[in-house]
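> Per Swiss-Prot, the features are:
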REGION    40-60  region 'Disordered'
DOMAIN    75-153  domain 'Carrier'
REGION    492-729  region 'Ketoreductase (KR) domain'
ACT_SITE  Cys1113  active site, for beta-ketoacyl synthase activity
COMPBIAS  1244-1270  compositional bias 'Low complexity'
REGION    1244-1288  region 'Disordered'
ACT_SITE  His1313  active site, for beta-ketoacyl synthase activity
ACT_SITE  His1354  active site, for beta-ketoacyl synthase activity
REGION    1497-1521  region 'Disordered'
BINDING   Asp1552, Ser1653  Mg(2+) binding site
Amino acid sequence: MVIQGKRLAASSIQLLASSLDAKKLCYEYDERQAPGVTQITEEAPTEQPPLSTPPSLPQTPNISPISASKIVIDDVALSRVQIVQALVARKLKTAIAQLPTSKSIKELSGGRSSLQNELVGDIHNEFSSIPDAPEQILLRDFGDANPTVQLGKTSSAAVAKLISSKMPSDFNANAIRAHLANKWGLGPLRQTAVLLYAIASEPPSRLASSSAAEEYWDNVSSMYAESCGITLRPRQDTMNEDAMASSAIDPAVVAEFSKGHRRLGVQQFQALAEYLQIDLSGSQASQSDALVAELQQKVDLWTAEMTPEFLAGISPMLDVKKSRRYGSWWNMARQDVLAFYRRPSYSEFVDDALAFKVFLNRLCNRADEALLNMVRSLSCDAYFKQGSLPGYHAASRLLEQAITSTVADCPKARLILPAVGPHTTITKDGTIEYAEAPRQGVSGPTAYIQSLRQGASFIGLKSADVDTQSNLTDALLDAMCLALHNGISFVGKTFLVTGAGQGSIGAGVVRLLLEGGARVLVTTSREPATTSRYFQQMYDNHGAKFSELRVVPCNLASAQDCEGLIRHVYDPRGLNWDLDAILPFAAASDYSTEMHDIRGQSELGHRLMLVNVFRVLGHIVHCKRDAGVDCHPTQVLLPLSPNHGIFGGDGMYPESKLALESLFHRIRSESWSDQLSICGVRIGWTRSTGLMTAHDIIAETVEEHGIRTFSVAEMALNIAMLLTPDFVAHCEDGPLDADFTGSLGTLGSIPGFLAQLHQKVQLAAEVIRAVQAEDEHERFLSPGTKPTLQAPVAPMHPRSSLRVGYPRLPDYEQEIRPLSPRLERLQDPANAVVVVGYSELGPWGSARLRWEIESQGQWTSAGYVELAWLMNLIRHVNDESYVGWVDTQTGKPVRDGEIQALYGDHIDNHTGIRPIQSTSYNPERMEVLQEVAVEEDLPEFEVSQLTADAMRLRHGANVSIRPSGNPDACHVKLKRGAVILVPKTVPFVWGSCAGELPKGWTPAKYGIPENLIHQVDPVTLYTICCVAEAFYSAGITHPLEVFRHIHLSELGNFIGSSMGGPTKTRQLYRDVYFDHEIPSDVLQDTYLNTPAAWVNMLLLGCTGPIKTPVGACATGVESIDSGYESIMAGKTKMCLVGGYDDLQEEASYGFAQLKATVNVEEEIACGRQPSEMSRPMAESRAGFVEAHGCGVQLLCRGDIALQMGLPIYAVIASSAMAADKIGSSVPAPGQGILSFSRERARSSMISVTSRPSSRSSTSSEVSDKSSLTSITSISNPAPRAQRARSTTDMAPLRAALATWGLTIDDLDVASLHGTSTRGNDLNEPEVIETQMRHLGRTPGRPLWAICQKSVTGHPKAPAAAWMLNGCLQVLDSGLVPGNRNLDTLDEALRSASHLCFPTRTVQLREVKAFLLTSFGFGQKGGQVVGVAPKYFFATLPRPEVEGYYRKVRVRTEAGDRAYAAAVMSQAVVKIQTQNPYDEPDAPRIFLDPLARISQDPSTGQYRFRSDATPALDDDALPPPGEPTELVKGISSAWIEEKVRPHMSPGGTVGVDLVPLASFDAYKNAIFVERNYTVRERDWAEKSADVRAAYASRWCAKEAVFKCLQTHSQGAGAAMKEIEIEHGGNGAPKVKLRGAAQTAARQRGLEGVQLSISYGDDAVIAVALGLMSGAS
């Protein structure tokens, strides 16, 4: 080697050839061997395993020998047992060390035949021969035949796939072996063993770097060494010492050598720069540096002069996209009126007249014709139903009178302003309390004005022009008196108000402006999401008709924002307003800042309150001039102050306020008087504002010194009066100066004065506390007083109870008994479908937790406990040292009351609708493939032979393949022209927010084993957990208990899905495409019915039907409809219904392409938080927010529920599904479900409420057939609502309600699909509005519209299930949750007068019935009608209700205990591992309809007994073919209703039905003699059917007797005086004698017409009594 012309003495020149010395040229060396050390190994085969044996390892440089003390590890070959262990562990996803060899494949696979089959196939492929039935052989016995083997096909392929799919590109098999050899000293055979161990613990994804790969292989080596019992030590540890000793090269030589290399590199760099024309002189860099230095100097100057806080304070924030609008005053009016008439109590209005007057004023300001009609309608209805409520009559009358008198008036701000003043008291214990107390000597509506007149200079108004000495104070006071009597109207006016934060004077003025009907634009310096709730509530409480409130974020300390704000107001593309007035009340506090402390914050406040006020006014002038407006000056109310430095320590505040007074003179000296008018407002001491709250306790003392203090409402009125037309006109004549200081300026040194007053109050409080302490001390020492020593009391820590939440049992006397006379025995419980259990799993956790948020907006303490458990933050322990909750991570005890403080923030951030937090789905990094054509040959890479062959098949001539040193591997080169797919990551922000399950939720908390968790799709786990909870909700602590009451075939499963399990579907399609390894049984979990199958296999084991509805977003309602029909048809007695769905990246992308989901990026740009993005029915809605989870209900036949004592949450009165019209758009919303309300003419049948209470006439609205055609059809026990579906004169919806004695007016709640999409949210209300109008719902009685998806997002399939759960909770609690995200209701929905959209939760007295509506893509529409359970109970006799109550109390108490125990022990899901019967008994049990399960009292287990089957009591079965009394009553009542409308006035009707099968009285000679005439007997005996003849005559006699409406002499009275003759034309005739004839004459009947109809099993007769002169 030569350096600078000198040959190194220690070197020699070698001539190398590339063909012969390739290794030396590439610096590859053979592995060195320590001299004198012989490696000791066991006998091993000379040939190494094919895949595991690389070409000879690269030779390492011979730097230093290994120390002779190094431990040598024997190189041992693999055993067959190890290979089998690895293959099994890989399939079971278990570490090899955790896999016992004492078990067989069958045992380890848990009985899964598909897994056994797969493992046996892998082992067959691995070894040339294996024993028979390998699945039954213990793993350790696989090594007997051949103790040392090589890797076979299966294991070799697994290792190859591991390396190709999970290792970095530069970390191939050779690199892995080299690392294992160099670092750990492992020989080739042990290297192969490590590779084998790795296939059982693959990394989840491709490792990013070689260092990560080395760390992974180090971990695998450690696991291998631990399983083999050997100790591994890195070889570097033994080499360090020798390596350091071997360094013999002179450092100077090395430095000289490096210097020469650097010089050569610099020369090459310069040559390349010259060729590429790159300037290396640094001139451009110098220019850049100079520019940077200049800019830095300017920045430093700005920072030094203005301070960082000033620069931060002037940053612009105006963004009109973030503005919020509130304007749906008409919906607020509906909400207030409807809530008033449905409230449970009127005591609030009785006890608080002021609150009621405020309420009346609010409604008067919103009064229109629609509201007046609504009030009249509701008051008529409520007169009968609520008249007993104290205070109702007076309140209702006053409300109607108030609305009637103001319906045509403009809205007016009617300020109720009692004269109150500050009052400070000090309690006995020395606590200082402040309150507002009435002022003395004044009263009435104008008491405030009276109090002002008491002081000569409390307020004043005069001209600010020195040339005009006019005093307008008296005019102002007179106008204020008039305003307090009549109100102030601001209709048609527009205002801009800045500084209207909570509790401010500006906010008080805004309230008055809204009450007066004005349009107001308010600026806020905070993000809209943090202030929207406050301004929404302000508008809800004060917005009058025609009013509008807009809120826009704006930094008025920014010059850019000042200009942008005014441009937005006047721009035709913006608001296009011309301001009537501006109130620039924005201010900045600058406490404790004296003159020598002036800083950037002070200057920022000066800019905000003075400089930028001038800027805003100047921009208004510019805009008005540009628009040519010179005759409508904008009034400016300048916020002046008496503080001209008298307070001190407030920065530039006095100077800013004082400088504004210059505008009094500028208006004359400058040119803008045609555009602006000026009115200065000197604001005095205003209590309870941000600046003065701390001084409230001394305000009373201040007033004693002749100073008047004002409340916020009083000051707001003062200011608002200046905006009325009279004073606006005065202001246009010249500037006004309003003094509302209350003589505050007369005080001297205010700081000292205030400090003295504070000190005085504090001293008084301290004296009282000291006196009290002294009194206690004296009492303790007084004679005869024994000191009492109290032991310290341990602090109480409240505990929260985990409860299921069972429904309230209605009070029989108060709620059920009033219904019983008209409903008892009206409906057979066997013909009713009831909901006995429900559950859900969604973004808020369980149904209980979702309801707390939906109805109250916050969690209870019990809710926090449940959520913390569900999110795996806490767990329950029960041992000798502690019983209770502990932190999951630390194990530290956690009290129930501490959970909110410890985990509240975490829970809030990881529940509900939020940015997606899933580990498997990152929308910000969505992976897609880009097809790329290779333009240049790519470098070679190594793959297996199979992969190389596959690549040749795909790329043909565009791929080059050559052998490598490894016989099972090849070197592959992709050549120019090859087409490859390159993965790339793109952000999919559109769908980056969703309603995910609470973070930390795991099915393991419910008791599902880990192997099952990894085996099935997540949606299956959701469904299993929900089904288990639904049974607890039904009070069923073990699902198998139901089979004590029903047969195995009578429980159905109708849980559906829109897309099934996406995780397994993705594995089946995408992972296969990527050549990733997938489970062998992945296909089975892609079917939509598989979760239901898992539910049956793991929990139920029933033989009932599994039907899987697929209705897109309407899947849930389709499932309910299927379950309802199944029970009504008698196919099942109990059904699981509901739906499940998961979040799926591909589906989210598809929804985004349809523009159905909300664009999260745009929503964030508009200032919306994730929780605000789902806004059903709102004017600003922009699409739905996805969610996922599961919802389940347990439906049951009514008699079974009574028999079992199950809690009844609701009655499913009816359901319907409908398609839609012809079209070409699958997702288009439709109106086919209108057919649920189909009827030709509104039913004229008598309501059940107006009928007599006798059984024969207790019927609700029933089928309106024109004539009786079949007695059999009448006696059919199917429910009348179902029979009515086939009629034309009664809608199925009406019939469903009529079945329970309800009308269309009794629907109280409509749960809307309400997805927050443009199309659905207009179509759905239109459908319901059309239905209500068609069915004749009384105008003015709107339904409460619930939009649950504002809280949950849209979960697709479970949507209707969650909605139904919410409806059940509404029925139970009487609470109607509001849509808190509804800022402004879409104006198009104003015409939906039958709907009211609440924005807050409303408490109702009761909810009778609900209507649930759901829609889905693909022409799916459905509705469900539900009825409160008290109507079901009212059909039962009281003893039966009371017996049921006893049963259900026992069941629910046990259910609560069992559920709490299951949560604490993590055993909510009870997995069944075997059938509850012996296998030989299965056919007998399946075939025996009376087979029932029984419980072993000793073990508590449920089993079918082999020796006996419980028999059904024959007495419980009615005689075949005999109609029940209920059916007879229904039939008679139906005919009576159909006949009565066609009768003459005063006519009578009688109906009777006689079953033929039970009519045996004709065989009794005495009966025949007493009741039939001779001619009747002769006719009957000659008839072909003697039984039918006698029965028809008896039936006719009974009908005639009823027609006569005479007093009965008892069931034994003879009927011979009523004779039925056989007419010549075949029609029967009635002949009356004796008492019967007398009764007819007394009733005024001229005659009786009779009709007799015969059926196969019954005879029915109808008798019509005709009045004299009637036809």
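From the backbone N, Cα and C atoms, a Cβ is placed for every residue, glycine too.
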> So for Ser1653 (Mg(2+) binding site), how many other CB atoms are inside 10 Å of its CB?
19
> Taking the Cα of His1354 (active site, for beta-ketoacyl synthase activity) as the centre, which of the recorded positions listed as Cys1113, His1313, Asp1552, Ser1653 lie within 10 Å of it?
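So far as Cα distances go, the recorded positions lying within 10 Å of His1354 (active site, for beta-ketoacyl synthase activity) are Cys1113, His1313.
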> Among all protein chains shown, how many Cβ atoms are found within 10 Å of the Cβ of His1354 (active site, for beta-ketoacyl synthase activity), not counting that one?
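Neighbour count, Cβ to Cβ under the 10 Å cut-off: 31.
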> Restricting to the chain of Cys1113 (active site, for beta-ketoacyl synthase activity) and a gap of 6 or more, list residues whose Cβ falls under 8 Å of its Cβ, or answer none.
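Cys1113 (active site, for beta-ketoacyl synthase activity) has long-range Cβ partners Ser1058, His1313, Thr1315, His1354, Lys1356, Ala1357, Ala1359, Ser1414, Phe1415, Gly1416, Phe1417, Lys1420.
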> For the domain 'Carrier' (75-153), give the DSSP counts of helix residues, strand residues and coil residues.
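In the domain 'Carrier' (75-153), the DSSP-based counts are 43 helix, 2 strand, 34 coil.
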> Look at the recorded positions His1313, Asp1552 and tell me which residue has the greatest number of other C-beta atoms within 10 angstroms of its C-beta.
His1313
> Under DSSP, is His1313 (active site, for beta-ketoacyl synthase activity) helix, strand or coil?
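DSSP call for His1313 (active site, for beta-ketoacyl synthase activity): coil, neither helix nor strand.
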> Tell me, by DSSP, whether Asp1552 (Mg(2+) binding site) is helix, strand or coil?
strand
> Considering every residue in the region 'Ketoreductase (KR) domain' (492-729), what is the mean pLDDT value?
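Over the region 'Ketoreductase (KR) domain' (492-729), the predicted model scores a mean pLDDT of 91.
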> On the three-state reduction of DSSP, what should I expect for Ser1653 (Mg(2+) binding site)?
strand
